[in-house]
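Read the structure below first, then the notes.
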Amino acid sequence: MEPSYIFLTMAVTLLSMPATGFGQGTTRVGFYSKTCPRAESIVKSTVESHFRSNPAIAPGLLRMHFHDCFVNGCDGSVLIDGPNTERKAVQNSLLRGFDVIDEAKAKLEAACPGVVSCADILALAARDSVVLTKGINWKVPTGRRDGKVSLQSDAAKLPGFTDSIESQKQQFARFGLNTQDLVTLVGGHTIGTAACLVFNYRLNNFTNGGPDPTINPSFLPQLQSLCPQNGNNSRRVDLDTGSANKFDTSFFTNLKNGRGVLESDQKLWTDASTRTFVQQFLGEKGVRKLNFGKEFAKSMVKMSNIGVKTGSNSEIRRVCTAIN
């Protein structure tokens, strides 16, 4: 892994790429350079302030950006609060960091009223979260507008923790993301935790009354002690055992060693079509090495351009929790 705060220089064509999937808008680096020059620094300082008191905010913001983009595009719709909104869906019930986005928005409205979108704040905060956990830095294209629709039922589009690799590939392909993007972006699980609720079914009664056979037998007792049967399903467990607070490649090492916590994560190793990319990130002999940090930045730029909104179906919200 490269040192923190490395600045990745990308081609202008990538950074100013048109939105993929069903969006029609475009983004570019430095979109607010004249209309709100301090936009990125305000978001960064807000994220840093919250991170100092609660480091768990970093993976929370990264997940939130992913959940936003995979439901009707990167339009900040996951931030809208109210009955039957995406935010109320069970898939989003464990997201954290809404207060960080709200605080950044309030500061930006004071500095540059009606200029910076909630969708852009979330995209910037996700990048800043990776940097704070010693991951790579990259330039975030901005210029997204905020969506005006947020439906709880739409969250069903999000990939699930029991999904097969084929299902995951199909979901990513809908937005112009390929298999390498899939493996790379799931690698974001190198930071953060998961509740026992989403994986404890693997530990005891997965097949024929026994545990998931893809779990390393030496790792199983550790998970069972953390998440006992009839225990506290809300207890949080590190997704990257031994390195949950650092953005690095140890997540992939854990998958190789049968120490993936989520079923969908472990399948990245057990499925031959995705295993090659894991091996490349680990720099194994016989495969072309890939730099995880650089590839993560590229895939994040691609993902953050999904479904960028324009025109009458979008706006710049005054507060991120409500449509104007």
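Positions of Cβ are set from backbone N, Cα and C atoms, glycine also.
Feature list (source: TrEMBL):
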{"type": "SIGNAL", "residues": "1-23", "note": "signal peptide"}
{"type": "DOMAIN", "residues": "26-324", "note": "domain 'Plant heme peroxidase family profile'"}
{"type": "DISULFID", "residues": "Cys36-Cys112", "note": "disulfide bond"}
{"type": "SITE", "residues": "Arg63", "note": "site 'Transition state stabilizer'"}
{"type": "ACT_SITE", "residues": "His67", "note": "active site, proton acceptor"}
{"type": "BINDING", "residues": "Asp68, Val71, Gly73, Asp75, Ser77, Glu86", "note": "Ca(2+) 1 binding site"}
{"type": "DISULFID", "residues": "Cys69-Cys74", "note": "disulfide bond"}
{"type": "DISULFID", "residues": "Cys118-Cys320", "note": "disulfide bond"}
{"type": "BINDING", "residues": "Pro159", "note": "substrate binding site"}
{"type": "BINDING", "residues": "His189", "note": "heme b binding site"}
{"type": "BINDING", "residues": "Thr190, Asp240, Asp248", "note": "Ca(2+) 2 binding site"}
{"type": "DISULFID", "residues": "Cys196-Cys227", "note": "disulfide bond"}
Closest to His67 (active site, proton acceptor): which of the recorded positions Cys118, Pro159, Cys320, going by Cα position?
Pro159
For Cys69 (disulfide bond), the spatially nearest of the binding-site residues Ser77, Pro159, His189, Asp240, using Cα atoms, is Ser77
If the Ca(2+) 2 site is taken as the center of the Cβ atoms of Thr190, Asp240, Asp248, which further residues of that chain fall within 8 Å of it by their Cβ?
Gly187, His189, Ile191, Ser243, Ala244, Lys246, Phe247, Thr249, Ser250, Phe251
Do any residues at least six apart in sequence from Cys196 (disulfide bond), in the same chain, have a Cβ closer than 8 Å to its Cβ, and if so which, in order?
Leu226, Cys227, Gly231, Asn232, Asn233, Ser234, Arg235, Val237
Recorded positions near the residue listed as 'heme b binding site' (Cα-Cα within 10 Å), from Arg63, Asp68, Gly73, Cys74, Pro159, Asp240:
Arg63, Asp240
For the recorded Ca(2+) 1 site formed by Asp68, Val71, Gly73, Asp75, Ser77, Glu86, name the remaining residues of the chain with Cβ within 8 Å of the site's Cβ center, in chain order.
His67, Cys69, Phe70, Asn72, Cys74, Gly76, Val78, Gly147, Ser150, Asp154, Gly307
By Cα geometry, the one of the recorded positions (Cys74, Cys118, Pro159) nearest Thr190 (Ca(2+) 2 binding site) is Pro159
If you count the other CB atoms within 10 A of the CB of Cys112 (disulfide bond), including all protein chains displayed, you should get 16
From Glu86, Pro159, Asp240, the binding-site residues whose CA lies within 10 Å of that of Cys118 (disulfide bond)
none
